[in-house]
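Per TrEMBL, the features are as follows:
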type: DOMAIN; residues: 86-327; note: domain 'AB hydrolase-1'
type: ACT_SITE; residues: Ser166; note: active site, charge relay system
type: ACT_SITE; residues: Asp292; note: active site, charge relay system
type: ACT_SITE; residues: His321; note: active site, charge relay system
Amino acid sequence: KPQLVASNDHFCRFLEEYCPVVTETYYPTIWCWEGRVQTLLRPFITSRPHVQYRNELIKTADGGQISLDWLDNNGSLYYPDASTRPTVLLLPGLTGTSKESYILHMIHQSETLGYRCVVFNNRGIAGEDLLTPRTYCAANTEDLEAVIHHVHNLHPSAPIMAAGVSMGGMLLLNYLGKTGRDTPLRAAAIFSAGWNVFESVESLEKPLNWLLFNYYLTTCLQSSISRHRQMLEKLFDMDRVMKARTIREFDKQFTSVMFGYHTIDDYYEDASPCRKLKSVGIPVLCLNSVDDVFSPGHAIPVETAKQNANVALVLTSCGGHIGFLEGIWPRKCTYMDRVFKQFVQAVFEHGNKIFSM
């Protein structure tokens, strides 16, 4: 049974009534006996619902561009009026895009509820060109702020909330910690976020974790920027960046330099959401598994969460990183998908009751 951590009794009762999955026993797939197995198998086992996106490129203040993928859901029976149709903003993980299976499942869940979705693809990874020598990081929220205000201005009468996965969840938390209540978002859902980057990279540098995850993710990061090499060579020694063999080395040579940090420790401190959790000003539900090597259980800020009435943590004993597989053959819905669907519906349909029960 998951551990529900929340200091606000009203928020707890709201979740128990309208998002009961967070109090139900989670039965992980019996042959996925360990978090790393869940993490590795999920992308290969889960189905990939078909989604037809509408792409939009928006310009940024520094001359760059951001790719947004929309599911307008104009056939929505519950919300036929597009001007008031609820909108879910989705933030994928480190090198993820709108094509990730976990994003496609969130889109599918939202579509059945009648909602509109928009996926925020980080700069340069969804097939669009880099117009400036800048990509993205977990600490810099400028692009996310631009996207949120763009979406809100397009549909000012439509309620909007956001869901972030892995690094997308870290970015969303850092944004919420910065803005407090001054955001158009009604609420947010966070899945498998890395709370303390120092602890995350240390865990991922253990020999088996490096072999299974760290080296692969580093090559994915390198691949995501290699297509823009001509643009990025204006500011970086790309040969040196391409020699990185860990995420820490990549961040030291590339990410921290790009965003003006004096040291990689300065960047990792700024990127760690645990340091901003006290300032979150809207209801946030965060799902983590304590056997997630990307976000070790001991680094989850349980005591800090208890100090903020807006925050609820749901902690499972197993599930890995964006895994949460359940059932004998977990092709379709995961525990994470069910938490997402119930919480999004609870916010849009009953959100006014969160702190008034």
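Just so you know, the numbers here start at 1 and follow the chain as drawn.
Placed from the backbone N, Cα and C atoms, the Cβ positions cover glycine too.
All TrEMBL annotations are machine predictions without curation.
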Other CB atoms, at most 10 A from the CB of Ser166 (active site, charge relay system): 26
Alpha-carbon spacing, Asp292 (active site, charge relay system) to Ser166 (active site, charge relay system), which is rounded to whole Å: 11
Model confidence over the domain 'AB hydrolase-1' (86-327) (mean pLDDT, whole number): 97
Between His321 (active site, charge relay system) and Ser166 (active site, charge relay system), the C-alpha gap once rounded to whole angstrom: 8
Densest Cβ neighbourhood among Asp292, His321 (active-site residues), 10 Å radius: Asp292
